[in-house]
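Trainee: What follows is a structure written as structure tokens; I'll ask about it next.
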């Protein structure tokens with residue numbers, strides 16, 4: 001097995017689900033997004049652990065992601081959060097995947113395919129309340145709900161929306177989110193007035209789970225919270241979470257270099273004095289962004305900086321003039337904070353350095369990095 005690996009702490013995942021449940025009203029379900037291979041954590045194993053911890057629904061971004069789960073034996077309901085193309089509809093129906101619907105044309109196409117294949121399609125009507133990505137306008141919601149209700153081979157399983165800035169503490173953004181919630185509630189009222197059961201009503205993402213209890217409705221869709229991070233550092237204090245992914249590698253070579261010796265591409269780092277350099281078999285092709293040069297990584301209880309350019313497959317660290325570090329020592333790039341390692345880097349720390357978000361950090365960990373799953377313990 002490669003020296004570089006992602007350790008997936010499924011016990012932490014289940015801990016996070018328990019913490020989220022504490023914030024939910026009675027009988028509110030959880031739909032866990034496992035798109036992008038569960039944000040890089042491994043969709044199948046994450047889905048199984050999450051279902052054992054009480055997650056009711058799964059969400060994906062593509063039909064292929066849903067098929068992977070079905071073929072692994074997962075029978076829980078799965079929502080596809082992205083719009084499928086016509087060629088994907090037969091597979092969607094075959095594997096009982098619940099798509100979002102947003103317009104008359106797709107509703108008609110889906111009903112036609114379902115009738116031809118003698119299948120029933122369960123759908124979720126997506127209303128655009130402010131994200132401006134996908135969804136029908138609130139003014140069209142009732143008309144489309146009626147169309148679904150009248151379609152012989154369709155059933156309205158739910159109505160949903162998505163919040164654009166629910167993780168923000170800025171007053172303007174709070175006002176915007178509250179407006180989204182209000183528009184969504186009004187749309188649901190109108191659908192009910194038309195005599196149609198909206199099914200599962202769901203809207204809350206991670207930010208709104210923490211800040212807007214009025215947006216819980218029947219089901220919530222927390223993504224990054226389950227994987228151990230608040231969607232914004234400003235919300236860290238609102239919930240106790242444990243990062244699920246730990247990225248580690250090993251020292252594969254140690255060499256002594258003299259003062260004024262340059263390291264790596266472009267010669268952008270030069271030794272100010274005699275020192276030892278350790279090579280690590282991890283680079284930007286594994287998901288360690290080039291912008292993370294300078295990051296201090298942990299060996300034992302000490303931290304050492306990445307020096308020079310991060311290469312495609314390797315990087316180098318300065319371990320000092322009198323190193324105790326040895327070849328094959330384990331190196332932690334990021335992982336959970338613990339009593340043993342209270343100063344561990346987290347994906348949120350790396351995201352701050354790289355000018356991005358933890359989602360991108362974990363999603364970018366390449367498939368060639370093996371995932372090692374620490375079996376969950378349900379308490």
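From the backbone N, Cα and C atoms, a Cβ is placed for every residue, glycine too.
Not my notes, these are from Swiss-Prot:
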type: ACT_SITE; residues: 35; note: active site, proton acceptor
type: ACT_SITE; residues: 265; note: active site, proton acceptor
type: BINDING; residues: 133, 312; note: substrate binding site
type: MOD_RES; residues: 35; note: N6-(pyridoxal phosphate)lysine
Trainee: What same-chain residues, at least 6 away in sequence, bring their CB to under 8 Å of the CB of residue 312 (substrate binding site)?
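Mentor: Once residues fewer than 6 apart are set aside, residue 312 (substrate binding site) is near 283, 284, 285.
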Trainee: Using a 10 Å radius around each Cβ and all protein chains in view, which of these recorded positions has the most neighbours: 35, 133?
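Mentor: Of the recorded positions 35, 133, the highest Cβ count within 10 Å belongs to 35.
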Trainee: Under a criterion of Cβ-Cβ distance under 8 Å and sequence separation of at least 6, what residues of the same chain contact residue 265 (active site, proton acceptor)?
Mentor: 308, 309, 311
Trainee: Can you grab the distance from residue 133 (substrate binding site) over to residue 35 (active site, proton acceptor)? Cα atoms, rounded to a whole Å.
Mentor: 17
Trainee: Need the DSSP three-state call for residue 312 (substrate binding site) to compare against my parser.
Mentor: coil
